[in-house]
């Protein structure tokens with residue numbers, strides 16, 4: 001049996017091969033070859049349906065980093081199978097559509113390579129059992145989506161959209177990684193299977209809630225939930241097949257997948273319930289409310305996707321209520337929300353992809369997708385119109401389309417959840433159906449906009465770039481298949497329910513599945529239940545509001561454009577850049593003195609602070625060697641000389657006073673019985689003085705410091721503090737002699753090295769390595785000086801070199 | 001004796017720091033030179049200044065010798081300090097020649113003001 005791991009790798013392999021194949025094969029469109037891959041994968045996965053439906057699951061292991069517990073392990077169960085079939089199935093249709101949609105002049109090899117990269121990454125996300133591996137694929141989807149959004153990279157808006165999508169999804173992904181690491185450190189495992197087994201022991205762990213929030217942040221950003229939804233409308237700059245595939249059926253579902261996957265881990269928490277349900281419903285409302293306002297068909301579809309994703313998200317959230325008390329016959333009813341969510345997920349993938357393809361056909365055909373310029377296309381594009389109608393009515397929740405069934409089940413769920421007496425639902429629970437209902441009304445309105453404003457009404461040929469005409473057959477095949485699916489699912493929903501959703505429910509509620517059958521029989525007609533009245537209400541109010549749209553459209557103008565989340569995002573980006581610029585320019589002044597001041601202030605705070613903090617200020621001068629009068633004389637002369645340099649009026653004075661200090665040091669070396677040092681010091685001091693004097697002629701005039709008095713006093717204060725700390729540290733160190741010097745060893749220099757001068761023996765024998773490198777320092781300095789003086793790059797020469 | 005030299009080194013450090021914070025390149029170089037003097041004196045002092053004879057084995061007096069290790073270290077340091085001072089002096093000379101100034105404030109390369 002071929003393992004699922006191999007299945008994930010096939011698209012990656014294809015992505016690597018496509019550029020080579022593209023060069024070789026020029027006769028046939030490269031997309032035809034690519035098309036084979038998702039078809040094969042789809043068939044392969046479809047073959048698993050019977051065994052998965054009978055309760056089997058498959059675990060495949062490939063060792064990757066076993067020492068860290070990170071292995072490329074994949075798990076095939078009901079939940080991942082649903083997503084796998086959507087990814088490969090819609091993928092095949094999208095590739096078929098893109099063969100006709102994209103021009104031969106486009107860089108097709110890039111397009112299909114990115115698309116295959118994305119497909120492989122997406123399959124990796126849903127089949128990974130190891131959360132770290134899941135994260136790897138998760139970021140790969142972000143990257144390939146980034147590449148696909150900016151496919152037409154010559155356009156500024158494409159690049160902006162891609163950047164926004166990447167920034168938002170990657171920050172979410174990053175927080176998700178933090179959450180995963182927390183889960184790993186709580187449970188000691190990265191495998192879903194093992195985590196689900198042992199997580200009940202860790203509900204009280206202090207990292208449990210932070211891990212949950214971080215993982216949710218990742219899911220919300222990826223699935224375009226409020227307020228992270230803003231990247232999805234901007235991502236509409238991508239080619240339409242990409243929008244149809246990534247931004248309606250696959251990538252945006254990754255967050256939903258994650259929430260469903262983590263429900264058995266975090267689902268029992270009240271925070272999980274309210275966050276997922278609440279954010280889902282808010283997203284649903286905000287998406288549908290904003291969609292009505294859009295004039296661009298793709299933007300409208302983007303907001304409708306946001307809204308539908310919010311709806312599915314809220315259903316997953318509501319289903320987690322069942323986990324609060326564990327299994328009981330009463331709580332099983334709440335799991336049905338997840339069933340409805342999965343059902344709607346499949347439905348959404350079918351009708352939304354079809355709608356995107358329809359919009360692509362319109363855009364391709366007449367050269368615009370602005371609703372204000374469209375109208376009356378129905379007579380010119382009958383097939384496209386039919387598909388658009390099927391898709392829109394399904395999205396609006398009308399029979400005989402699959403959206404009706406899932407919308408009804410959604411209403412059932414929100415009505416059920418109101419009955420629950422936990423999570424303070426008795427006070428807030430009534431809000432849920434109300435928000436859901438209002439959002440559904442707006443959903444109905446924008447669905448009508450798609451159909452009636454685009455296809456019916458007045459045909460405005462003069463405002464179109466090309467006259468309207470029906471699309472080529474090849475372009476219509478994929479949306480037709482999806483449109484047929486929409487209707488087929490309506491008439492035979494239970495096939496889907498029994499074979500796909502029931503096994504997926506077993507993955508979400510493993511403890512419940514052991515006790516009872518989680519399946520429900522979906523029926524199109526279940527009598528005059530409250531949910532049916534809600535749907536009728538949606539239709540009535542929706543029609544009324546749609547007809548009166550131009551009268552109340554003014555409410556959108558109440559909220560100024562600058563108050564949108566988009567402008568907030570832009571403002572944050574802009575302000576961050578401006579402020580970091582300001583901060584950097586504030587402290588990176590370019591003045592050497594300022595940087596030295598920072599360094600000295602840090603020195604003063606750290607060294608002085610440590611001295612005071614550790615109480616090391618302990619002096620003892622009893623052990624000092626006696627001081628000769630001559631020492632006093634030299635020391636005082638040097639101090640006076642040093643201070644006098646500051647006040648020196650001319651260069652010559654300064655140089656000579658520097659010499660006084662140097663020769664003073666040499667005299668001290670004599671007094672302290674260091675003949676070699678005294679010799680070297682006096683020679684070096686002489687040479688340095690000579691050097692200064694040689695440079696005398698070339699060096700600038702010794703000017704008086706013209707700094708302001710304040711700067712000078714700050715400098716003086718810093719200098720005195722540095723000097724004081726230096727002295728205190730030195731005195732404190734001398735107080736604490738810890739052990740004897742090792743120098744007595746070097747006194748054997750005659751026996752060991754045949755040398756009578758101990759200092760020289762150390763330099764050339766015991767520690768000869770130092771001396772060798774010191775010679776190299778001199779050599780480098782010499783070469784440096786030579787280069788500085790001899791080689792002078794003129795500007796003209798530089799240009800010559802660059803040529 | 002140790003305390004006296006330590007305080008002397010402290011005075012040198014203070015003067016050197018004051019020079020390093022000034023505007024003129026030549027003062028900064030002078031500051032580094034003075035700072036290295038202070039460092040050398042400190043290495044010497046840290047080795048202990050207790051009496052002893054010159055560390056030469058064929059001298060008239062036989063032990064105890066003064067500590068020879070700090071002397072070797074200082075010798076290395078003097079040479080390196082000299083090399084750096086010489087290089088920076090030439091660098092200052094070249095800078096002055098090319099730019100016509102030795103004022104560090106005027107030598108700023110910061111374009112974003």
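Every residue gets a Cβ built from N, Cα and C, even glycine.
Unlike curated entries, TrEMBL annotations are predicted automatically.
Listed in TrEMBL for this protein:
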- A:6-22: transmembrane segment (TRANSMEM)
- A:66-112: domain 'NADH-Ubiquinone oxidoreductase (complex I) chain 5 N-terminal' (DOMAIN)
- A:111-127: transmembrane segment (TRANSMEM)
- A:128-429: domain 'NADH:quinone oxidoreductase/Mrp antiporter transmembrane' (DOMAIN)
- A:133-153: transmembrane segment (TRANSMEM)
- A:207-232: transmembrane segment (TRANSMEM)
- A:244-266: transmembrane segment (TRANSMEM)
- A:299-318: transmembrane segment (TRANSMEM)
- A:338-362: transmembrane segment (TRANSMEM)
- A:434-452: transmembrane segment (TRANSMEM)
- A:473-492: transmembrane segment (TRANSMEM)
- A:629-648: transmembrane segment (TRANSMEM)
- A:637-701: domain 'MrpA C-terminal/MbhD' (DOMAIN)
- A:655-672: transmembrane segment (TRANSMEM)
- A:678-696: transmembrane segment (TRANSMEM)
- A:714-790: domain 'MrpA C-terminal/MbhE' (DOMAIN)
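Non-local neighbours of the transmembrane segment (A:244-266) in the same chain are 79, 83, 86-87, 90-91, 94, 97, 115, 118, 122, 125-126, 138, 141, 145, 148, 176, 183, 192, 195-196, 199, 208, 212, 215-216, 218-225, 232, 235-236, 238, 272, 276, 301-302, 305, 309, 312-313, 316-317, 319-320, 323, 338, 341-342, 345, 348-349, 352-353, 355-357, 360, 504, 507-511; each lies 6+ residues outside the stretch with a CB under 8 Å from one of its CB atoms. Ranking A:128-429, A:637-701, A:714-790 by CB pairs under 8 A with the domain 'NADH-Ubiquinone oxidoreductase (complex I) chain 5 N-terminal' (A:66-112) puts A:128-429 at the top. Here the transmembrane segment (A:338-362) has Cβ contacts under 8 Å with residues 79, 82, 86, 90, 93-94, 97, 101, 240-241, 243-245, 247-249, 253, 256, 260, 263, 297-298, 301, 304-305, 308-309, 311-313, 315-316, 319, 369, 374, 377, 381, 384, 387-388, 390-392, 394-395, 401-403, 405-407, 409-410, 412-413, 450, 454, 471, 475-476, 478-479, 482-483, 485-486, 489, 493, 496-497, 500-501, 504-505, 508-509, 518-520, 522 of the same chain, all six or more residues outside its ends. The list of residues near the transmembrane segment (A:133-153) in space but at least 6 beyond its ends in sequence, with Cβ under 8 angstroms from a Cβ of it, reads 8, 64, 70-73, 110-111, 114-115, 117-118, 120-125, 159, 161-162, 165-166, 169-170, 173, 176-177, 180, 218, 222, 235, 237-239, 242, 246, 251, 254. Secondary structure by DSSP for the domain 'NADH-Ubiquinone oxidoreductase (complex I) chain 5 N-terminal' (A:66-112): 32 helix, 7 strand, 8 coil.
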